[in-house]
Amino acid sequence: MNFTNFGNFVVALCALIGRSIAQEEQLQAGKPRNASYDYVVIGGGTAGLALAARLSVSASVAVIEAGGLYEKDNGNQSVVPYYGLIMPFLATTEDHPRQPLMDWDLLCTPQSSAGNRRIHYAQAKTLGGSSAINTMTYHRGTVGSYQRWADLVGDLSYTFDNLLPYFKRTATVTPPNLQKRNAPNATVLYEPSAFDNRLKGPLQVSWANWVDPTQSWLARALQAVGQALNPSGFNSGKLNGGAWTPSTIRPKDATRSTSKISYLESAIKSKRRQPTIYLHSQASKILFDQDKTATGVAVVTEGNGYVISAKKEVILSAGVFHSPQLLLLSGIGPASTLSEYSIPIISDLPGVGQNLWDQIFFNVLRGISVPNAGTYLATPAQQAVALQQYYTNAAGPYSSAGGYISFEKLPAEYRTTLSPRTADMLSQFPTDWPEIEYLASGFPSGTANPTTIGVISAILLSPLSTGNVTIRSSSISDPPVINLGWLTDPADGETLVAAFKRVREMWNSSAISGIVAGPEIVPGATVTSDADILNYIRQSAQPIWHASSTCAMGKKGDSGAVVDSKARVFGVNGLRVVDNSVTPFSVPGHPQSSVYMLAEKIAENILKAE
Ligand SMILES: Cc1cc2nc3c(=O)[nH]c(=O)nc-3n(C[C@H](O)[C@H](O)[C@H](O)COP(=O)(O)OP(=O)(O)OC[C@H]3O[C@@H](n4cnc5c(N)ncnc54)[C@H](O)[C@@H]3O)c2cc1C
Ligand SMILES: *[C@@H]1O[C@H](CO)[C@@H](O)[C@H](O)[C@H]1NC(C)=O
Ligand SMILES: *[C@@H]1O[C@H](CO)[C@@H](O)[C@H](O)[C@H]1NC(C)=O
Ligand SMILES: *[C@@H]1O[C@H](CO)[C@@H](O)[C@H](O)[C@H]1NC(C)=O
Ligand SMILES: *[C@@H]1O[C@H](CO)[C@@H](O)[C@H](O)[C@H]1NC(C)=O
Ligand SMILES: *[C@H]1O[C@@H](CO)[C@H](O)[C@@H](O)[C@@H]1NC(C)=O
């Protein structure tokens, strides 16, 4: 490192540290005692902070957040993109490493159709919510999937064309920096018209300033089996073929763009009224008056209980597992469950906690002879080089979180083994809804040859199994009971077995035969029969953390519906749910774009008193 670069490096580092400290001082912190605001938002997560920032333009807003500040509690892990791929507490085994300052430490019930495993399902407990721990992939769903949403909720404002203005409001896009990416073989295609920077969307969306060579090679295998580059990218309503996908990374310093650093910081910088943030404060119950109008929230901060009253509305944004939990604890849910725990019934809504959608994936591993991000960070000397690239140029392996992804409906030759029932159920998804997403990655192998363990993953985007969430007591101090329901419908196993064979075809492609070294490592050549493949999938399936739909939006009177198309909870007044629990199904692919979009859309409803 020469002197000039070192100087830049120190300046950049100080700026970075200075930024997070200064920001914390500027947060308007709530005091743990009775108070009253126009709007009370429960959960300062992905949706919660986007909503709070928008509402605070013309109203007083309190945000009740159970966690603290990730910059302090998780440091670089939540700031530097590369660490997002390897955060230890994201492990899914029951004995995962713990990070109680950041994670709710949720374990599901033993999954009888998935090896009886209890999956650790990471969910962030921090200001910024899961946007502070997610993998940063940003893309939108398909035209057909939002049409399905519109049809299910009986509201044409949910078609892709009608949602596009709200998607555009959320994000500012920065085109790929080809010089920093330094990979002409990792071509980015997208439609600039899918974004509108004049709207100054707070969220930063960009393409990584570094390309992982392993991904560039595995991308070839995906393309070779028929998944060509999608010319429009993944933000114009089409998900077929492959793309280098954008990420929620701020390109100027290659830091993670969370709901906190984007929406909340914008509100703070604007010098107008900003939301008041109650940190380390857990909502324990939503309170109602005689007319079933939500009047406020009971909150506990370090053992100290008090009430934050809402002059206008309470908005629940506690995420896919905690929003249904809090509704139940407050008397909204299936009457039988409420009675079982002697909770007075405010609204008998059988759908609360039902209809849990989850996307699961499996991996197939083989050795390859090209480096990956981890290879470049293997020794202290390499790390020093990479740190310099990162802090002087916002580039290099630390600046990137991936990734090449690809989508398809399984091709005809892979459908021949599907039962008529499964084929029929899959045919009911919209024609542009991909059944499988493929993801390419790798990690250092620890030996010179192969240098890398390459990973091709297949994610089920058309799950037909659903799970459920409920409570185990009438107290917020007990975690929700989560039954993911993985692989309980045989259709999912059949679809994934077909996808498994498709992944083997990718690995077998002549496009990568020059770099593939040795036989399949996991699950290995002995796994060939459909029964053995299915067994491998049951024993190893992982969550990609896209769980949704436990407080599903729907039409009034529909048996499973919890909120209407303006996110208002049925049977009560002054209460909405706005987060990934209200999407009526898992939108195909990665959900954060839709979560931010929904926050913008409902914020507009609220401000217009709709
Ligand atoms: C590890 C991981 C990787 C992911 N990768 C991607 C990706 O690459 N791309 C993508 O699009 N999506 C990804 N996702 C999914 C996406 O991040 C989530 O769907 C989205 O962030 C959910 O937003 P939310 O507002 O519903 O909930 P959250 O952002 O989780 O917010 C809920 C908030 O409520 C708080 N809370 C809960 N209960 C209470 C209470 N009683 N009182 C006070 N506060 C409470 C929580 O602490 C949290 O801050 C990933 C998710 C995870 C966990
Ligand atoms: C706070 O509000 C609650 C409910 O309105 C009330 O019962 C309680 O007495 C109040 N506490 C104080 C200290 O005013
Ligand atoms: C793409 O280019 C990068 C940078 O030159 C290189 O490391 C990688 O091996 C290339 N990938 C392919 C598939 O050619
Ligand atoms: C959740 O689903 C399981 C499996 O179908 C079922 O046994 C259980 O009763 C359900 N629980 C709730 C709360 O609906
Ligand atoms: C791999 O490719 C060879 C020919 O290139 C073919 O004979 C073989 O069946 C393929 N195997 C798989 C699992 O696709
Ligand atoms: C982030 O943490 C600071 C302070 O501990 C270190 O000085 C940085 O080198 C580190 N950055 C990375 C990319 O690991």
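The backbone N, Cα and C atoms fix where each Cβ goes, and this holds for glycine too.
Taken from TrEMBL, the feature signal peptide applies to 1-22. Per TrEMBL, the feature domain 'Glucose-methanol-choline oxidoreductase N-terminal' maps to 124-147. Look at TrEMBL and you will find W545, H546, P591, Q592 tagged as FAD binding site. If you look up TrEMBL, you'll see H590 marked as active site, proton acceptor.
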- Item | Shell of the FAD site beyond W545, H546, P591, Q592, same chain only (C-beta within 8 angstroms of their C-beta centre) | S130, N134, I544, A547, S548, N580, H590, V595
- Per-region confidence, the domain 'Glucose-methanol-choline oxidoreductase N-terminal' (124-147) (mean pLDDT, whole number): 98
- Within the chain of P591 (FAD binding site), which residues six or more apart in sequence place their C-beta under 8 angstroms from its C-beta? H546, S548, N580, T583
- If you count Cβ atoms within 10 Å of the Cβ of W545 (FAD binding site), leaving out that atom itself, what do you get? 20
- Sparsest Cβ surroundings (other CB atoms within 10 Å) among the recorded positions H546, H590: H546
- Note on the structure: One should report the C-alpha separation between the residue listed as 'active site, proton acceptor' and W545 (FAD binding site), rounded to whole angstrom, as 9
- Task: Give the sequence-ordered list of residues that share a chain with Q592 (FAD binding site), lie 6 or more positions from it, and have CB atoms under 8 Å from its CB.
- Result: T46, S130, S131, N134, T137, Y138, T248
- Message: Taking only the residues the record lists as binding FAD, namely W545, H546, P591, Q592, what is the largest Cα to Cα distance between any two of them, in Å to the nearest whole number?
- Response: 11
- Query: If you run through the domain 'Glucose-methanol-choline oxidoreductase N-terminal' (124-147) with DSSP, how many residues end up as helix, strand and coil?
  - Reply: 9 helix, 3 strand, 12 coil
